[in-house]
Amino acid sequence: MKSLGSIRRDFAPWNDPNAKPYIQFDKVTKKFGDFTAVNNLSLTIFEREFFALLGASGCGKSTLLRMLAGFEEPTAGRILLDGQDLRGIPPYRRPVNMMFQSYALFPHMTVENNIAFGLKQDGMPKPDIAARVGEMLKLVKLEQFAKRKPHQLSGGQRQRVALARSVAKRPKVLLLDEPLGALDKKLREETQFELMDLQQSLGLTFVVVTHDQEEAMTMADRIAIIDKGEVMQVATPAEVYEAPGSRFVAGFVGNVNMFEGKIAHGEAGAASIDAGNGITIRTENAGDAATGAAVAFAIRPEKIRISSKKPAGAVNAIEGEVYDIAYLGDMTVYHVRLDDGHVVRASTMNAARITEDPLSWNDRAWVSFRPDAGVVLTR
Amino acid sequence: MSNAAVTAAASSRAAAAGKSALTRLGEAFVGRLVIIIPYLWLVFFFLIPFVIVFKISLSQTAIAIPPYTPVLGFGDGLSGFFAQLKQLSMDNYTWLTQDALYVNAYVTSVIVAAISTVLTLLVGYPIAYGMARAPATLRPILLMLVILPFWTSFLIRVYAWIGILKPEGLLNQLLLATGVISQPLIILNTYTAIFIGIVYSYLPFMVLPLYSALEKMDYSLIEAAKDLGCPPTSAFWKITFPLSLPGVIAGCLLVFIPAVGEFVIPDLLGGSQTLMIGKTLWNEFFANRDWPVSSAVAVILLLLLIVPIMLFQRAQARAQEQDR
């Protein structure tokens, strides 16, 4: 079975037409004065899903999360949780909990009391609270820090306390606002996997807001890419990367080479694109783009081969000059200036330590790719 | 190694150590200079005057200039000085305990100051809270408005309250005109007038520390509390109030300490019916010209206030530690 990306997902309720949506944003609009933060947005999230809202700062993703938590009310539209309209329900009565970007730990309470805070609000019996707090401390490996105050902890430890506090009440949905934003890179990567494990073991629905595409790609089952208060695409990380729905998504997630042109001749998905200056690109992924339509051809750098001689039998091969090389260890990135001035980025995995035919700056080189390597974007 | 060599080595080491100790001492002196200046200030303008007042409080009143005896001096040599010293006594302090007037004045002052402090807190907290939650662009203006009364003389502002509170004053005229009351309220020359005067005058001292405590509080803490199932009122008592406690303590002590010894407000607004220690001291000093007794009153007042002042210092130190 063929699949986009290199993983197979068994958990995919979004492909099941009978699956019951868990969280629904139904034509939600949120305005702050004249500014429209969220514009007529609809979105469906399923139970036990790890869902990421990805976008640049100010795109409205945090507003979506805050509306779900109850800190903001939509100007128009409905938000449903497990079939229940959330309008008018204050944050302290919603079965969702949030992990704040700033962690928002109560500075005058110990780690223990921070975690127990929500449980006490629910009037849980004391022995049960103690048991649950112990369980949570164990989960985030902070047993020996129970009596400390937040200011006596490191950034990573605080993040764990915030996490433990927000899952202690076993909410139906956990909302995470840039949960790893304040951690350094190495800790962030470790914590990404821990969050995924936690979500698996607790069986909760996670909605995470992030501006870090790598974070979203790593953790999420599906990603919604948000721009100017609108959903640009909702898809699995592999789909977002390999089959972006628009120029914006292709450019937002990962690196991409974009050729603007017109469909010169197309039938049944295959087409040749006239990209100007004598460059013609043959592709099998034209979809239903009609002949003459203005399109963009998008291709990822790692799907472009670079060689000093024209590869025999290549369907797409364009000549240019190497003008920049970046050696990153695991791969090498070449910037090739085509003869029409267009710069193409091509990356090669350094699968072997020794390369037979190395390229240098200002070398003539050919960039080539297979007809199924790129996608045609009409939007 | 020979003995001589050991001694030489030891002595050179000692010399090196001595030299470095000397330079260290010099550096320490320069470093301390910054602290010495305020200490000198306190010695000259607080400690020495206090010692003088304390000495007068041990003297006897006399019809003379200055109006007490003995006047310490070396006119009769060292033995004369010691003879004068022997005349000092604790008589004035025993007098203070014997006359109920003084005890009453102290107790009333502490009670009036305590009630005023609570009232100021009740009025100041909502103001400070509102300021801290106001849009950031508006806050400097609000802060300015709180400080603005300081631009007018304190005395004039207290005088103005007489015009408002007197039986035919602005407040009574307003209440009579609107039909809320049919007889003018007697507010002036009562403890109520003193409370109003103290709350009004000391409000900025309450609002400013409260504001600074509330303003630096992260609002997401309240959101987090709500998110965890805490209704707004409960969130206030569990999160906002405990976190503003350093501000509450600072504000209360900044109001309480000067209010105990307050003279102008009880004198102008409290009239002759009210009894407070500041006024008693004034009368003792200017009406009775009894310097020794009034000095004793002042010394006792100072001792009374040392407790809250020390509490204030402790609270400040703790708040600073928390910030770190």
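Every residue, even glycine, has its Cβ placed from backbone N, Cα and C.
Here the transmembrane segment (B:32-53) has long-range neighbours at 295, 298-299, 302, meaning same-chain residues at least 6 beyond its ends whose C-beta is under 8 angstroms from one of its own. The transmembrane segment annotation in TrEMBL covers B:32-53 (among others).
The transmembrane segment feature in TrEMBL is assigned to B:65-85 (among others).
Per TrEMBL, transmembrane segment is recorded for B:105-129 (among others). Non-local neighbours of the transmembrane segment (B:105-129) in the same chain are 146, 191, 194-195, 198-199, 202-203, 206-208, 210-211, 214, 240, 244, 247-248, 251-252, 255-256, 259-262, 266, 274-280, 300-301, 304; each lies 6+ residues outside the stretch with a CB under 8 Å from one of its CB atoms.
The domain 'ABC transmembrane type-1' annotation in TrEMBL covers B:106-312.
Per TrEMBL, transmembrane segment is recorded for B:141-165 (among others). Using a Cβ-Cβ cut-off under 8 Å and counting only residues 6 or more beyond its ends in the same chain, the transmembrane segment (B:141-165) has close neighbours at 127, 130-131, 134, 171, 187-188, 193, 196-197, 200-201, 203-204, 207-208, 211, 264-265, 268-269.
The transmembrane segment annotation in TrEMBL covers B:185-214 (among others).
The transmembrane segment annotation in TrEMBL covers B:235-260 (among others). Beyond the ends of the transmembrane segment (B:235-260), by six or more residues, the same chain brings 109-110, 112-114, 116-117, 120-121, 124-125, 128-129, 198, 202, 205-214, 217, 221-222, 225-226, 277, 301, 304-305, 308-309, 311-312, 315-316, 318-319, 322 to within a C-beta distance below 8 angstroms of the stretch.
If you look at the transmembrane segment (B:291-312), the same-chain residues 6 or more away from its ends with a CB under 8 A from one of its CBs are 50, 53-54, 56-61, 66-68, 92-93, 95-96, 102, 106, 110, 249-250, 253-254, 256-257, 260-261, 277, 280-281, 284-285. Per TrEMBL, transmembrane segment is recorded for B:291-312 (among others).
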